[in-house]
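Notes for the one structure printed next.
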Amino acid sequence: MPEPVPEAKPAEADEEDAPPADGENQSTSLSGLFVEKPPENVVAVTGLDVTFVAKVDASTLTRKPTMKWLKGKWLDLGSKAGKHLQFKETYDRNTKIYTYEMKIIKVVAGDAGGYRCEVTAKDKCDSSIFEISVEAAHQEDQADILSAFKRADAGEDEGDLDFSALLKATKKKKKQKEEPEIDVWELLKNAHPSEYEKIAFQYGITDLRGMLKRLKKMKEVQKPSEAFLKRLESCYSVEKGKKIVMSCEVLDPNVQVKWLKNGQEIKPSAKYVMEANGNVRTLTINKANLSDDAAYECVVGEDKCSTEVYVKEPPITITKLMDDYHVVVGERVEFEIEVSEEGAHVMWSFEDQEITKDKDSSKYRFKKDGKKHTLIIQEATLDDAGMYHAWTNGGHTKGELEVEEKELEVLQDIADLTVRATDQAVFKCEVSDDKVTGKWFKDGVEVLPSERIKMTHVGRFHRLVIDDVKPEDAGDYTFVPDGYALSLSAKLNFLEIKIDYVPRQDPPKIHLDTTGNMVSQNTIIVVAGNKLRLDVEITGEPAPTVVWSKGEEAVIATEGRVRVESRKDLSCFVIEGAERADEGNYTICVTNPAGEDKAMLFIKIVDVPDPPENVKCTGVGEDCATIVWEPPKFDGGAPIKGYLMERKKKGSSRWTKLNFDVYEPTTYEAKRMIEGVLYEMRVFAVNSIGLSQPSLNSKPFMPIAPTSEPTRLTVHDVTDSTCSLRWLAPEKIGAGGLDGYVIEYCKEGDTEWVAANTDLWEKQGFVVRGLPVGEKINFRVVAVNIAGRSPPATLSQPVTIREIVEHPKIRLPRELRTKYIRKVGEKINLTIPFQGKPHPIATWLKDGQPVDPKMVNVRNTNVDSILFIRSAEREHSGTYELVLKIENMEDRATINIRVIEKPGPPVNVRVTDVWGFNAALEWEPPKDDGNSEVTGYTIQKADMKTKEWFTVYEHNRRTNCTVSDLIMGNEYMFRVYSENLCGLSEEPRMSKNTAVISKTGLELKQAAYKEKDMACAPKFTQPLVDRSVVAGYSTAISCSVRGFPKPKIVWMKNRMILGEDPKFLMQNNQGVLTLNIRKPSTFDAGKYVCMAVNDLGQDEVECKLDVRVAIEPEKK
């Protein structure tokens, strides 16, 4: 968009308006479009609302104007509309005036600063500048001048960016510490300019230059300068990376000047180039950057002139958006984004509070790595949950942080144990967090480690190992995780061995005790991957033989993953790392001479379920999506309790949980998503054992919403069977774009809408055809995109389908109401608008006959007729008539076209009389006037001796004239040109006779003529002179010579003939010889010789040319 130059303001405003930098092309012209502007200075009160109004006159505009509200130099406020900033636009059709309003809700201190409203319309634009000052509510003291100058458009020299005005209103007000008031105005008044930046940094002033402008207004006006003829412009603007040139004119061309930047003298360098050319002093800044955005001065002695340079910085965009996070309390969080340029400033905020390095350094850390910017939260707490924002001057992104309390899940509980004396007892449990520590208790007393009792913590497993078990070790053992209201308990039973010294025989007996794992009679549940150790007490005299078997197959291995361990009165069946194949019926059989005993067991292996299948998105909204999936094929041997869902942005590796409690249905609606961003989903299945592996990622999907309804639906035309509709695009389109429109209609009173178009219609106008005559029809238009149909735009009342008859009327342009003249060869293109309903029939006639299509091209539309002739000829001249007919009604318009060319020469030019020094001429008009009236004649004379023609009369209207002031004794001939609108005739007509001006009463007696011998050898009458010139400035050396016959001239340099070198120009004017040397260099210095030669001899002269290099005077 073109940036107009602000309108000139009187007195003090001149220095604040910045004209465009030298060489910046302005494609739009500045014009007064505003009929009402916001006031130049507004004082707002903190916490109250303020409204600014601007009105634009659109009566002379061909299209709707575009309004922009800007803060500072380049910050566009249109994209920041929300609760704090509100914009409104209205249009009055009677006065054709647009009214624009900007409302600031609950003004804060960050709203202070300079603002600009800018309106553009095709090739016109206008702008208005105003300033807002913010005062504290109910406070009579002087306002805080420091907060008024902290603005968002400050450059690198003026502090950090301030985006506080872009955030929502502050929820929690913090108490401000009272600080002693310091009069910064007095500090700046009494300080040297070189100390300005130091004072600004010390007192937190970011808009130093705005403050200095006010300081200038407070100072006395200086007297007119006597050292400068032309001062620097009030200000310049330049894009970052481009070159800017500042120039002024001084009174004394030899005076030395100094250039200052913010009060500091600038030294010449490749970046700063200082030039002096006559009275002009120039400072050129190459490859401008933000540090060059400053105040500059040109100093001559005690006098100086100043200006300001504004450096436009391209907006910084965010190339990688922020991801969402889901963590538990105490985890580390890193929000990372990428921007378009290195070194860019990024402002971070939490909800509506800005995060700064000073006050939030204990909780937050900021990290920059090239284009990557990271916000780090060391240990997340519940208070940190919420929405985090990252802002640049050209972009915004946000990410949500969800923090949940740590919930410890018990994956394997402690089992009761029954052991014998001197055996080993092992209590083992597994929890979900491998970092959790805990303590073991026995009957409420903490168990301390010893040589016999050991406690271990490896990953998620906690073990208590008791060696050489004793009777006093029996009791209740409890494991309590640190930091959780949770405890795991189990009982240790001591098995006493009684020795019976009476020899006897007892039948074998199996004593099963599977209380910890038994879920039903003789059924043991084992989690896949865990270890099963089944200790079975065996009694009987003598000692029985034990056989374990699975089905019909006996288990006899004593080593390996599945094995049998035998001890006295105890048989142990062990499965290491249980697998699904281990599930089945197991039998233990004990025999001795006294009998047999048998027990049946069913071991069930349970596992986490398989992942869900076919995860897909079935529908999307503006910020939501509907996800469906199928249950897993294998439930792990335990019923599915529900599902957990996660989502992530495509291209990111960070997954975010969507639910914390298990979700039973297989359809889920994900919310709080960002429109226009691609997402992927995955689902976990949950049973009593644990969490399955994640499902395959769904296909990427994008939350999008239908557009808003089309706007300004109107009826353009109605016939007996058609209705032409027009409308404008929806105000809100969104990320889904706009695929087209559907036009529907229904009869008044009906509810069934009929689509008028089968395919989507992309244009913003449509003709509905095949409508019944005389019916009242309702029409509506619906916008369609990938998300579906928008709300319809409906006409306020039905339309009666009946054509309105309108008499034909030709609107002949004003310039065609008189004779239309064109030259031969020119193009003729006539557009004649007309009106009438139904569509009239247009016919062209020439001189009463239909036009020849081979000579004239005619194209007719519903609203105009075009007559086109590519190259006009004389035969195209004539009277053209346009006939417009509608049934028995017609209208006519006549156009007289004349094609002209140059006339022919006059006829019969003759001298009719001669007297004294006069001669009378007469002629007749030309036979061909070029189809245009002859407007005059041009008469020329020529002496028969020299035959050089001289004009005597121009634009002579008569066909005769008298030529006077002829020279006695000469004979003259004459010629005449004819002239019309195209100009003079191609050829003149010569006079048939001549005019002799004879001498009367005198007789010349000529003496005998004696011819004088003029021959002589060349002789230089003026020699060459030695010269000393400055390199780069053109010079010339001259001399003069005489001789007859005319001598040949040869120029030489160091005795080398100068040929056709374009650097040397040789001239000979009546014997004066000149050699011009264009921009000589030191190479052109030397001895130059000019030689003149003819048949009688030769002569030469020489000189020395010295070329010196200009030495620039030393700059103080």
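Glycine is treated like the rest: Cβ placed from N, Cα and C.
Whatever TrEMBL says is automated annotation, not expert-curated.
The stretch that TrEMBL tags with region 'Disordered', taken from the ranges 1-31, 156-186, is 1-31. When each of 224-317, 508-602, 709-804, 1018-1106 is scored by its Cβ pairs under 8 Å to the domain 'Ig-like' (406-478), the top-ranked stretch turns out to be 508-602. When pLDDT is averaged over the domain 'Ig-like' (808-896), the result is 89.
For the domain 'Fibronectin type-III' (611-707), the number of residues in each DSSP class (helix H, G, I; strand E, B; coil) is 0 helix, 42 strand, 55 coil.
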